C-alpha cells in the first residue's frame, strides 16, 4: 500500500509533525530522506530493506557517498541527500563549540561533537581542540592518523601546534575503531606524557576523550588526569 494511503497518523511526515522526530523509527526517518520507494516498495519498506541488508543505521550512514550511491534504492541523488544531512548535523554540533562560549564549561557538547566526528572511522584518528585563555575554541585539528588499533602520537608536534595557535589549553581525543571506548594503558601513558609536555609551555590539558560506541569516555570525568603541578626554579 502506498504511504499516502496509510492512516494519516502513521505516515512518517505527519507523525513527525504531530509527535516530533524521536517518535519515528530509524526506517521512518530514513524514508523521509529517500522521499519515495524503489522496485515497487514504498519508502519505508525500501528503508527497512537498506537497514536489514547494510545496517544498522550508523554502519549504513558511515559509508562514503560514492559507496551509498551504488546501493539498491539509493543512487547518486539520494546518497548526496544523506551525505548533506550528515554534514548539517556535523556543522550543527560544531556550532555549539564555535559561538564564543567557553568549551571547557560544556563537556557534553564537546563529547557530542567528537563522537560525531570520530565514531565510525575505520582507523585511529588523534585530534586536538585548541582553546584560548577563556577556554573558547581557536581551532580543531586532526593531528595523527594510524591503523585499526593504534595511532602514532608525537608530543613535540602537539606542543608545536598549541604554540602556533597561542593556545592556553587543549582538549585531546581519539577513537577506538573496535568500538570499545575504555582507555588502554597506552592511552593513559601518552596522555601523561602530553600533559607534562604541554605544562612545560604553560598549556593546560583539560581533557582527553576516547570515542567508541556509546558515550565517549572522559579522562577528566574519570579522574585520570594528573593535578597541575607548580613549576619550580632554583
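Cβ from N, Cα, C; glycine included.
In the record from Swiss-Prot, residues 174, 176 bind Zn(2+); the candidate from 187, 192 listed for the same site is 187. Neighbour density around each Cβ, counted as other Cβ atoms within 10 Å, peaks among the binding-site residues 174, 176 at 174. Counting residue by residue with DSSP, the domain 'MPN' (103-225) contains 44 helix, 33 strand, 46 coil. If you average pLDDT over the domain 'MPN' (103-225) in this model, you get 91.
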